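J.: Sharing a structure, written as C-alpha cells. Questions coming.
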Amino acid sequence: MEVNNNNNGGCCCGSFFQRCKPYIAMISLQFGYAGMNIITKVSLNRGMSHYVLVVYRHAFATAAIAPFALVLERKVRPKITFLMFMQMFVLGLLGPVIDQNLYYMGLKFTSPTYSCALSNMLPAMTFVMAVIFRMEKLDMRKVRCQAKVIGTVVTVVGAMLMTLYKGQVINFFWSHYMHHPRNYVPDNTTTNSGETDWVKGSILLIFATLAWASFFILQAVTLRKYPAQLSLTAIVCFLGTLQSIAVTFVMEHSPNVWTIGWDMNLLAAAYAGIVSSGIAYYVQGIVMQRRGPVFVTAFSPLMMIIVAVMGSFILAENIYLGGVIGAILIVVGLYSVLWGKYKEHKEKEAENIITDEPIKCCGNQIARLETVIEDSESNDIEMQKGDDNNNNEACNELSVTIISNNNNNDNDVTKA
C-alpha cells in the first residue's frame, strides 16, 4: 500500500510538472525578451549601429541553432524546393531585416516600455492579415467573432493614442531615491525635435509589428511543407544574416561601425541572438504546437510590465500618461482577441468530439454486425456439415439395403 501511495504521489507530481511546463517556458521567455529590450537600449544609447547589431544578432543565433538542427533533425529534414527556398528568403527579409531594423530604430527614438506596449498589437495585426488571406473565418453573427473585431479596433485605438498623445510624466515612489549613471539619464525637456522623434519612433514600431505579423503568417504556411523547426530557424537566421550584411554595406559606409569589443555591444548582440532569436523561436514553436498561438501570444503584456519596472530602475525611464492609457487599451483589446480565439478553439474541439462519437458508435455497431454475421455463417456451416453427414448416412443405408436385396435375389435364383 505504501509503495502504491508513493507511486501515485510521484505520478501526480509528474503530471503537475508537465502541465506547468508551457507556463514556465513562456514566462521565462518574457523575462528574456525584457532583458533584451533593456540591454539593446543601453547599447543603442552608446552609439552602436542597429544595422550592425542585427547582423551580429542573427550570426550568433545561426551559430547557436545550426549544430542542433544538423544533429537532431538529420532524419526528418525534408528536401528544399525552389518555392520553399523563396519562402525562407522572404522570411529572412521580413523578420531579421525589416522587423528588427525598424524595431531598433523605433526603440532608439522612444523607450523600451513604449516599444513593448506597441508590440502588443501583434495578435490583432495577425488576425486581420489571417482574415485577408482567408486563413481565419469571420462570422459576425457569433459573439467570438465580434470580440475579435472589437478587440482589434480597441488595440488600434490604443496604439494611435500612444503615438499622438504623450501627457504628463508619471513618477513612481522609487524614482526620487534611485541613482542612475549620467550617460543613461534621458533628457526630460520636451522640444519639438523630441516630439517629432517620438512620433517617428511610433510609426517605425507599427511598421515593425506589421512585418512581424507577416512573418508569422508566412511561417505558418512554410511549416506545413517544411515541419523541421530547428532547421527552418537556422536557415532563416542564416539568410537574414546575409541580407542584413548587404543592407549594412548600403546604409553604413564607415568600416569602424563593425568594430565590437568585450563590452555592452557584444553582450547585446550575443544575448539577443542566442536568447531572443535562437532559443525563443524554438521554444515558441514547441509551445505553439501543443497549446496553439493563442496561448503563446497571451503572455506578451507580461513583458511590457517587466520592462516598465526594469526600465524605471535601470534606465531612469520616464513613463507618460498617454502611454499608460494606450497600453491599457492595447491590453484590453489584446485579451478580447484572445478570448475570441479561445472560444473558437473550444468550438472546434466540441465539433471534433461530436463528429468522433457517431464514428465510434457506428464502429461498435459494425463490429456487432460482423460478429452476428460470423456466428450465422458458422451456424450455417455446421448445419451444412450436419446435413452432409445425414445425407451420407442415408446414402450408406440405401446402399446397404440395395446390396442386401441383390444378395437375396441371387439366393432365390440359385434355389430355383
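Using N, Cα and C of the backbone, Cβ positions are placed for all residues, glycine too.
Annotated domain 'EamA' per TrEMBL: 23-163, 200-338, in sequence order. Taken from TrEMBL, the feature transmembrane segment covers 51-73, 80-98, 118-135, 147-165, 198-218, 230-250, 262-282, 294-313, 319-338.
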J.: How about long-range neighbours of the transmembrane segment (118-135): same chain, 6 or more residues beyond its ends, C-beta under 8 Å?
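T.: Sequence-distant neighbours of the transmembrane segment (118-135): 103, 106, 148, 151-152, 155-156, 159, 162, 202, 205-206, 209-210, 212-214, 216-217, 220, 293, 297, 300-301, 303-304, 327, 330-331, 333-334, 337-338, 341.
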J.: Going by DSSP, how much of the domain 'EamA' (23-163) is helix, how much is strand and how much is coil, in residues?
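T.: Its residues fall into 114 helix, 0 strand, 27 coil.
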J.: What is the three-state DSSP composition of the domain 'EamA' (200-338), stated as helix, strand and coil residue counts?
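T.: Going through the domain 'EamA' (200-338) residue by residue, I get 119 helix, 2 strand, 18 coil.
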